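Following: one structure in structure tokens, then a few remarks.
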Amino acid sequence: MFGLGGAFFSMNTVGVSSDCKDKQYFIGFWLCGIFSFCSLFLLHQPTLSMCSVSDWALMDSVSACLVILTMWIVSLCFLASHGDSVSWSTGTFSFVSLMLFMVGVLVVAFSSSFFSLFYICFELVLLPMLYLILGWGYQPERLQATMYMMLYTVGASLPLLSGLIYIYSSSGSLYFLLFPVIINSEVLGGWEMIFLLAFLVKLPMFGFHLWLPKAHVEAPVAGSMILAGVLLKLGGYGIIRVSPYLGITFSGLLYEIIMSVSLVGGVLTSFICLRQYDIKALVAYSSVGHMSLVLGGLLSNSSWGWQGALMMMIAHGLCSSGLFAFCGYSYKWAGSRSLILCKGMMSVAPIMSLWWFLLSVVNMAAPPSLNLVSEVMLISSIVFFSYWSIIPLFIMGFMAAVYSLYLFTSSQHGSCPLHLKSQDIDVLIPCLVGFLHWAPVNLLVLMIDDLWGGV
């Protein structure tokens with residue numbers, strides 16, 4: 001990974017610094033790049049499997065992995081947005097400031113030791129994302145998309161706030177590590193679902209997912225990348241962080257129903273992917289299917305399930321972010337997100353088709369990607385929870401391969417539109433973006449022990 005970080009700096013120097021004329025963009029990009037490289041040292045701390053606690057910070061392997069993922073994805077957001085005239089027309093300084101502010105909020109959320117601070121950051125990160133969609137979105141429908149996003153996320157978070165106030169009034173503290181001592185089952189009572197609802201919406205679980213495709217379709221390239229790569233992981237992280245300290249065991253009929261809805265929803269969204277003509281909507285619905293596996297692994301309440309859930313969140317963050325970046329390139333060149341019009345890219349830029357294929361293969365969990373390892377662990381844990389779950393899991397695995405290949409063949413093969421043949425396409429930055437998404441998700445297979453040290 002350190003070699004990959006060195007390659008990141010050297011290639012970015014050639015690909016970006018040589019033709020970057022905007023000082024604000026240059027500073028923001030390199031700040032995130034340097035922080036991304038420095039954060040890799042978190043994976044090599046000898047006490048990584050233990051909590052390293054200060055007054056306000058709590059760091060274990062789950063937090064470390066997601067902090068690194070945040071830095072990496074945001075750096076690639078800057079790289080993928082390079083040269084996008086639409087993104088910069090509203091103001092470079094505002095865009096860079098917004099992205100850096102989002103990084104700070106996400107890092108605090110992933111390393112907070114107080115429930116109250118985590119909740120504030122959990123909600124605060126919604127504001128820059130809404131502003132990003134409204135300010136840099138492409139179509140008037142972005143107003144409706146932001147309204148859906150706000151209604152779902154804020155509406156589900158208000159019960160979480162009431163539960164947080166209840167805990168503080170009954171126990172007198174919101175410090176995570178004190179929860180096992182000051183909170184018992186009598187104090188928690190019937191508030192379990194209140195705490196989990198906000199995380200299920202942010203994940204998102206099927207049934208609470210309608211805001212996600214709308215937000216992805218209307219968001220700019222950087223917005224889609226950070227939404228799929230990092231923001232969805234706040235839901236899984238919230239369940240991983242809060243459940244053990246509150247003593248939530250995921251046992252009972254209610255959690256069996258949630259597991260069933262999640263798996264059936266994953267099957268339905270897999271079929272919905274085959275009916276999509278919008279290239280970004282297809283990738284967005286595939287995210288719902290992958291996150292249903294994460295939720296199933298967490299609800300199985302097994303060691304393999306939780307380890308697989310963390311690995312799937314990391315793998316999905318890298319893979320889906322890369323796919324959305326290339327969706328943005330297709331929209332930039334073809335002028336449309338329709339799979340009917342975004343055809344024949346292989347005849348225009350064959351090297352781009354290579355990265356489309358590699359990312360599509362990772363999306364269908366082909367070896368040696370981290371997706372394969374995580375899916376094997378998740379499927380094993382979910383089947384151990386219920387043998388009947390093998391049916392939806394088999395369908396989801398098969399359909400993931402079908403819609404991934406459908407995405408690749410529909411966008412890369414076929415006759416090329418005439419307006420694409422006359423374009424001079426620069427493939428240096430897109431190839432760099434593709435490599436920096438594809439390489440980590442395959443190399444992290446060699447670092448599995450570091451990833452699951454604290455789970």
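Backbone N, Cα and C define each Cβ position, glycine as well.
Within the listed segments 181-200, 221-240, TrEMBL records transmembrane segment for the stretch 221-240. The list of residues near the transmembrane segment (252-274) in space but at least 6 beyond its ends in sequence, with Cβ under 8 angstroms from a Cβ of it, reads 193, 200, 205-207, 209, 282, 285-286, 288-289, 292-293, 295-296, 299-300, 382, 385-386, 389, 392-393, 395-396, 399-400, 402-403, 406.
Confidence annotation: the domain 'NADH:ubiquinone oxidoreductase chain 4 N-terminal' (30-108) carries a mean pLDDT of 76 in the model.
Looking at which of 56-80, 117-138, 221-240, 378-406, 427-448 has the most CB pairs under 8 Å to the transmembrane segment (306-327), the answer is the stretch 221-240. Between the transmembrane segment (281-300) and the transmembrane segment (427-448) there are fewer than 3 Cβ pairs closer than 8 Å, counting only residues 6 or more apart in sequence, so the two stretches are not in contact. A contact between the transmembrane segment (221-240) and the transmembrane segment (427-448) is absent, since fewer than 3 of their C-beta pairs, 6 or more residues apart, lie under 8 Å. Between the transmembrane segment (92-111) and the stretches 117-138, 339-358, 427-448, Cβ pairs under 8 Å are most numerous for 117-138.
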